[in-house]
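Read through the structure below, which is laid out as structure tokens, and then see the notes.
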Amino acid sequence: MPKEYMDEYEPLLKKGTKDKKHLKLPNISLLLAVFAACVGGTFQYGYNISVINAPTMYVQSFINRTWMERYQTNISQEGLTLLWSTIVSMFTLGGLIGASLGGTLSVKLGRRGTLLTNNAFSLMAALLMGISSTAGSFELLIIGRLLSGINAGIALCVQPLYLGEIAPTALRGATGMGTSVFITGGILTGQVMGLKEILGKEEYWPILLSTTCIPAFMQLLILPWFPESPRFLLIDKGDEDGCKKALRQLHGLADSDGALEDIEKERNNLVGFQAKKPWELFGDRSLRWQLLTIILLNTAQQLNGINAIYFYADYVFRQSGIPIDKIPYATVGTGACECLTALTCGMLIECLGRKVLIMGGYILMSICSVFFTLTLTFQDVSPVFPYLSMACVFAFILSFGLGPGGVTNILTTELFTQTARPAAFIIAGSVNWLSFFFISLVFPFIVIGLQQYCFLVFLGVCTSVATYIFFFIPETKNKTFVEIQNEFQSSKKNKFSSSDGAGTILLSTSI
């Protein structure tokens, strides 16, 4: 690297070393800001994924009853399945729409402003789903699920962006794990709320679906007390006083000066650059490997077999002798398992680093895929195998939560600088939702064709991704965004340098 660039980044390198030696606990204001952002953000995503499962039979009965009242005939089984599938899949379509809007809104309204505005979709969805039974309209459920999906898509795009930009460098990974912790917390809460002892009875299903308004109200009450992203204020808006005030509130008076120095360094490297559009990232040679990385990781997050594990969970629980009426409680156990693993990952990420956790997670998932295939194959050979299959279910969920489930969004935040980050989240979110839709569409046919051997497909996915991570993704722990960008490019230039040398030293040509 040329000496002038070494001189430029030397203060940042020294500061990164200092941060490693003096890891401090987060400011209480920072923790509350993370809670406020997550409770109305990715918590909603997890909650709306799981809460729809409990009232399945009741909603289908409502559709049939409504159809009879309108047309004086029972709906066909194919028609009922189509309507129910539409209600469920609208969430995915809404998520894709939300992901495509999130990055743009985060530039226009700010990160915090977008999260607050996003609650309008959640509140409208809760209202429509809550009155659907009284109004005798299953169409309101379809629209409500679409709006819930838009809310989740925007949240998954903007919330990690906000968390990554408000956190100190030394705590960015742990703070970013709030996304995963609250997704799994939302899934677990949705499973618990759907139990018969709470809101799982037939007469309560409209109330159950409308409870999505509660986290929205909580965010609207709490988040306004906390500042906008300091990076957004200084780099995007040029509001230096607002940035300093935000840093003092989030980091404390003692640490705000160092954080301001980091942000100013990044701003100086971005002078003359404006927020990029998603299609501009594809044409930027200096970002091609970062872009390939987030596309690969977000695709793998949906295609790694975690959805298949949940699909097989009920079958495995039945084979293990768990009564059918007790299976919902076992399912709550899987949600609690994933939530606890996300919390564990949050505590380990600043010690072990991102690369070790995500690569280790995929390696463990590969091993679990092999053992799960074997235990399912020999399910009837011995009464021991159903219990081994159950152990594989929990081991796979633990492995997913330990790495891919939590680290993927953090890397999407860290591999890009301020001008490219919103566009990167649009791309990552769109890929994630499209992969979600793809696996939902194709997975039933994979199961029919390959049965338990479908996990050999997921074995190939997990092994390939782990190999890519090992060779091509640098560790980002305790590094500023500028350092990460420079290291990412430097590690590739010897292998993939272009003939004209463009893009080989990050920030010397383009961001």
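Every residue number used here counts from 1 along the chain in the order it is shown.
Even glycines carry a Cβ here, placed using N, Cα and C.
The transmembrane segment feature in TrEMBL is assigned to 28-47 (among others).
Confidence annotation: the domain 'Major facilitator superfamily (MFS) profile' (34-477) carries a mean pLDDT of 91 in the model. Residues annotated as domain 'Major facilitator superfamily (MFS) profile' in TrEMBL: 34-477.
Positions annotated as transmembrane segment by TrEMBL: 82-103 (among others).
Outside the transmembrane segment (115-136), and at least 6 residues removed from its termini, the chain residues within Cβ reach (under 8 Å) are 37, 40-41, 44, 62, 66, 69, 98, 105, 109, 143-148, 150-151, 154-155, 158-159, 162, 205-207, 209-213, 215-217, 219-220, 223-224. Summarising the annotation, TrEMBL assigns transmembrane segment to 115-136 (among others).
Below 8 angstroms of C-beta separation, residues 34, 37-38, 40-42, 44-45, 48, 52, 86-88, 90-103, 105-106, 111-112, 114-115, 118-119, 121-122, 124-129, 132, 175-176, 178-179, 209, 212, 229, 409-410, 412-413, 421-422, 425-426, 428-429, 432-433 of the same chain, each at least six residues beyond the ends of the transmembrane segment (142-163), sit close to that stretch. Positions annotated as transmembrane segment by TrEMBL: 142-163 (among others).
Feature annotation from TrEMBL assigns transmembrane segment to 170-192 (among others).
With a cut-off of 8 Å between Cβ atoms, the residues of this chain six or more beyond the transmembrane segment (204-226) that come close are 29, 32-33, 35-37, 39-41, 43-44, 47-48, 51-52, 54-55, 58-59, 62, 112, 115-116, 119, 122-123, 125-127, 129-134, 141, 144, 148, 186, 193-194, 249-250. The annotation transmembrane segment is assigned in TrEMBL to 204-226 (among others).
Residues annotated as transmembrane segment in TrEMBL: 356-378 (among others). With a cut-off of 8 Å between Cβ atoms, the residues of this chain six or more beyond the transmembrane segment (356-378) that come close are 297, 300, 304-305, 309, 312, 345, 348-349, 385-386, 388-389, 392-393, 395-396, 398-408, 411, 452-453, 455-456, 458-459, 462-463, 465-466, 469-470, 475.
Residues of the same chain lying 6 or more positions beyond the ends of the transmembrane segment (384-411) and with a Cβ under 8 Å from any Cβ of it are 156, 160, 164, 172-173, 176-177, 179-181, 183-184, 293-294, 297-298, 300-301, 304-306, 309, 312-313, 316-317, 319-321, 333-334, 337-342, 344-346, 348-349, 354, 357-362, 364-365, 368-369, 371-372, 375-376, 378, 473, 476. If you look up TrEMBL, you'll see 384-411 (among others) marked as transmembrane segment.
If you look up TrEMBL, you'll see 423-447 (among others) marked as transmembrane segment.
Same-chain neighbours of the transmembrane segment (453-473): 289, 293, 296-297, 300, 303-305, 308, 355, 358-359, 362-363, 365-366, 369-370, 372-373, 376-377, 411, 443, 446-447, 492, counting only residues six or more beyond its ends whose CB sits under 8 Å from a CB of the stretch. Per TrEMBL, the feature transmembrane segment maps to 453-473 (among others).
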Among 28-47, 82-103, 423-447, which stretch has the most Cβ pairs under 8 Å to the transmembrane segment (170-192)? 28-47
Given the transmembrane segment (28-47), its same-chain partners at Cβ distance under 8 Å and 6+ residues beyond its ends are 95, 112, 115, 118-119, 122, 148, 151-152, 155-156, 158-159, 162-163, 166-168, 171, 175, 178-190, 212, 215-216, 218-220, 222-223, 225-227, 249-252
